[in-house]
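**Q** Features from TrEMBL:
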ACT_SITE  GLU326  active site
ACT_SITE  ASP409  active site, proton donor
BINDING   HIS325, HIS329, GLU405  Zn(2+) binding site
TRANSMEM  15-35  transmembrane segment
TRANSMEM  75-98  transmembrane segment
TRANSMEM  118-142  transmembrane segment
TRANSMEM  169-187  transmembrane segment
TRANSMEM  193-214  transmembrane segment
TRANSMEM  347-369  transmembrane segment
TRANSMEM  375-400  transmembrane segment
Amino acid sequence: MALSGDLWAELPAERRIFCSVLLFSWAVYLWEAFLAHRQRRVYRTTTHVPHELGQIMDSETFEKSRLYQLDKSTFSFWSGLYSEVEGTMILLCGGIPFLWKLSGQISGRAGFGPEYEIVQSLVFLLLATLFSALTGLPWSLYNTFVIEEKHGFNQQTLGFFFKDAIKKFVVTQCILLPVTSLLLYIIKIGGDYFFIYAWLFTLVVSLVLVTIYADYIAPLFDKFIPLPEGELKQQIETMAKNIDFPLTKVYVVEGSKRSSHSNAYFYGFFKNKRIVLFDTLLEDYSALNKEPAEGEDGENEETKSKTKNKKQGCKNEEVLAVLGHELGHWKLGHTVKNIIISQMNSFLCFFLFAVLIGQKELFAAFGFYDTQPTLIGLMIIFQFIFSPYNEVLSFCLTVLSRRFEFQADAFAKELGKAKDLYSALIKLNKDNLGFPVSDWIFSMWHYSHPPLLERLQALKDPKQE
């Protein structure tokens, strides 16, 4: 041990940094693989509905969810292994400095020399995201058209998938490249206190994106329509008014064209709040519950065969209970607390970045001996150097999220919707083929929402806080 310690101490600082990053990356991967193995063992061995679930889950649904989660876990193992090996090979083979040099050659041919570092950085970012999209494409295809298709969730055609992927890539670049160029410029001209200006800039950008996402970005991918006038809309507006939620609009998004998974969320700041409901959440609106008209084309016949005997979504009372939970996050200040935590973390990271950016050993560790590009510094420090901190923070936020979920359930219960939320959680778990049995370590580390049984028990408990 002493000999190995001496050998480690004799290594140059940049080699120790590089080896530490690789070792920690593999340590995290092996930890995640260990947890996933424990959970897969639960999927394989729990083949019958446990006694405590007998009243809420039939054996057919239990088996379907078990097989679905087992397939997802196996897929996650192989995709995670590939991602780890790919990342390791990129670091060992000098992929980052190679791509930076290639970016310089491309920008140089366009008339931008080495002094135009921001231009070279944008070319680098474009090439890196393109590489990531292409290497991830086969995994995404398999997940969508094999796993999700096999278990009845995929509603996309191959053409829709590729059109959607291209659109996502283009929209991402339209946002990412201008924002990155401004951030790099602020860091360049910000002086000793650039980290404050950079943090303020990212704060403004995040708030703007949250504000415009549902109105201008999300409609590029899915159709949003106002919830028609009727009993459900009136009940939603009444509930919002009773808890002083400043609701302005309620939308239904046609998520069923993409997947049969369901969701609901709200967005907006100050007095301009809006609620978005996936049509797959609403029993009366889900396209998956509607039989195609006779004489329609073959594609509809295929859809009909997929959705035969399938009932999707919740009744109006259950939808209101789900919204009561979501609005509980707002009423209890969870949204504001998450924003504050996020921004405190962002400020801390930019401050530490300002402290570390001058350390040439960090750049040398990843093959940058003669130059210290700002974008590369951001990547090295935020992605690699901060990785132990990010793991700890992620776990703490997961624990906090579970606490918030219990509190939001309790809020819905105080609104008198415990019974409807109880049945809604069971339906949503069934619709999404959630498996209600989990390994305790896996659950503790990964689940941002409490397991189904714990939530149901809390809703029944008269002493729930």
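Cβ coordinates are placed from backbone N, Cα and C, and glycine is handled just like the others.
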**Q** Go through GLU326, GLU405, ASP409, the listed recorded positions, and name the one with the sparsest Cβ surroundings, counting other Cβ atoms within 10 Å.
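**A** Each of the recorded positions GLU326, GLU405, ASP409 was scored by Cβ atoms within 10 Å; lowest is GLU326.
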**Q** If you count Cβ pairs under 8 Å, which stretch among 15-35, 193-214, 347-369 touches the transmembrane segment (75-98) the most?
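**A** If we count Cβ pairs closer than 8 Å to the transmembrane segment (75-98), 15-35 scores highest.
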**Q** Which one of these binding-site residues, HIS325, HIS329, has the sparsest Cβ neighbourhood, judged by other Cβ atoms within 10 angstroms?
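**A** Output over binding-site residues HIS325, HIS329: least Cβ neighbours within 10 Å is HIS329.
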**Q** With an 8 Å cut-off on Cβ pairs and a sequence gap of 6 or more, do the transmembrane segment (375-400) and the transmembrane segment (15-35) reach 3 or more such pairs?
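**A** Checked: the transmembrane segment (375-400) vs the transmembrane segment (15-35), in contact.
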**Q** In whole Å, note down how far the CA of the residue listed as 'active site, proton donor' lies from the CA of HIS325 (Zn(2+) binding site).
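**A** The separation of the Cα atoms works out to 5 Å.
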**Q** Are there residues at least 6 beyond the ends of the transmembrane segment (169-187) whose Cβ is under 8 Å from a Cβ of it, and what are they?
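**A** The answer is 117-118, 121-122, 125-126, 129-130, 133, 194, 197-198, 201-202, 205, 209, 217, 220, 374-375.
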**Q** Around the Zn(2+) site formed by HIS325, HIS329, GLU405, which additional residues qualify by having Cβ within 8 Å of the site's Cβ center?
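**A** Same chain, not in HIS325, HIS329, GLU405, Cβ within 8 Å: GLU326, GLY328, HIS334, PHE404, GLN407, ALA408, ASP409, PHE411, ALA412.
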**Q** Using the alpha carbons only, what distance in Å do you get between HIS329 (Zn(2+) binding site) and ASP409 (active site, proton donor) once rounded?
**A** 9
